[in-house]
Amino acid sequence: MAAYIGIEVLIALVSVPGNVLVIWAVKVNQALRDATFCFIVSLAVADVAVGALVIPLAILINIGPQTYFHTCLMVACPVLILTQSSILALLAIAVDRYLRVKIPLRYKTVVTPRRAAVAIAGCWILSFVVGLTPMFGWNNLNAVERAWVANGSVGEPVIKCEFEKVISMEYMVYFNFFVWVLPPLLLMVLIYLEVFYLIRKQLNKKVSASSGDPQKYYGKELKIAKSLALILFLFALSWLPLHIFNCITLFCPSCHKPTILIYIAIFLTHGNSAMNPIVYAFRIQKFRVTFLKIWNNHFRCQPAPAVDEDPPEERPDD
């Protein structure tokens, strides 16, 4: 128990400051104000909430307090909302990168700040609908009530609060995983494959034509697309193991699931929230430079070294 709580607290202590730093960087650096980085901020907000809200609730569930059924259900739902928000933000980022390479000349007229804001709002609204579906009735209340009545008890059931006790595995597998997780992930893989194909096609064309500026634009797009595809890969790597365990629970209830592997799968899902700022820092120069500037200006009490915040090779619309 102590080891579990220690690891969860460590993840939260990395995730919350790291993602707050991402949001801060976008706020202070004008070069990070295009649609992609707005979607990245939405992703960072979800990751901050994982560290500040979901992890404390997960620790609470692990302790297993006695609660009313619907109280436990309310504790279990935030992780569903935030996971869905992350997936939809990643999908929005993938579509945005596709439009940047498919219609570069018309991109700014198609992807306006207003449309980006509407897309972000739509992602969050849909995430709440999907994540709160168990609150609307798709849960294990009937089974818990039958056991409660069979014991001669009355009133709303009081249970040991555990995720699988209140959340239906049919919901988790058939609705959450097969509809709202797996298809978006597969769609994003296809989108990024198409993005890389279009970029390579344009780079080959521009090299043969000896055209410098378009080559610089698509070279920058290739670099950013690789970084964002890495974010997608890490997300899939972090979340698929837990969903696979959910499938085993539903389709093979008698199958043994080693407790240590379940804990590792849970740590991966929570740890994914701490991974993204690290990827941004190492892979995207505009983030790295802004992170250093924030650190120097606000935590070392000395001005940042004079560094161009938006190097020519990475300007959004070169």
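Each residue's number is its place along the chain shown, starting with 1.
For all residues, glycine too, the Cβ spot is worked out from N, Cα and C.
What TrEMBL says about a protein is an automatic prediction, not a curated fact.
Per TrEMBL, domain 'G-protein coupled receptors family 1 profile' is recorded for 18-280.
Per TrEMBL, the feature transmembrane segment maps to 6-26 (among others).
The transmembrane segment feature in TrEMBL is assigned to 38-61 (among others). Here the transmembrane segment (38-61) has long-range neighbours at 4-5, 8-9, 11-16, 18-20, 22-23, 26, 72, 75-76, 78-79, 82, 85-86, 89-90, 92-93, 96, 113, 116-117, 119-120, 123-124, 161-163, 266, 270, 272-274, 276-277, 280, meaning same-chain residues at least 6 beyond its ends whose C-beta is under 8 angstroms from one of its own.
Only residues 6 or more beyond the boundaries of the transmembrane segment (67-95), in the same chain, are considered here, and those with a CB under 8 A from a CB of the stretch are 36, 39-40, 42-43, 46-47, 49-50, 53-54, 57-58, 60-61, 119-120, 123-124, 126-128, 130-132, 134-135, 139, 141, 144, 156-159, 161-163, 165-167, 176, 180-181, 184-185, 187-188, 191-192, 195, 228, 231-232, 235, 239, 269. Under the heading transmembrane segment, TrEMBL lists 67-95 (among others).
As annotated by TrEMBL, transmembrane segment applies to 116-138 (among others). Same-chain neighbours of the transmembrane segment (116-138): 35, 38-39, 42, 70, 73-74, 76-78, 80-85, 88-89, 92, 96, 166-168, 170-171, 175-176, 180, counting only residues six or more beyond its ends whose CB sits under 8 Å from a CB of the stretch.
The transmembrane segment annotation in TrEMBL covers 177-199 (among others).
Taken from TrEMBL, the feature transmembrane segment applies to 224-240 (among others). Long-range contacts of the transmembrane segment (224-240) within the same chain, counting only residues at least 6 positions beyond its ends with a Cβ under 8 Å from a Cβ of the stretch, are 36, 83, 86-87, 90, 93-94, 97, 101, 181, 185, 188-189, 192, 195-196, 199, 268-269, 271-272, 275-276, 279-280, 283-284, 314.
The annotation transmembrane segment is assigned in TrEMBL to 260-282 (among others).
Tertiary proximity for the transmembrane segment (177-199) is limited to same-chain residues at least six positions away from its ends with a CB under 8 Å from its CB atoms, namely 83-84, 87-88, 90-91, 94-95, 97-98, 101-102, 130, 218, 221-222, 225, 228-229, 232, 235-236, 239, 243, 246-247.
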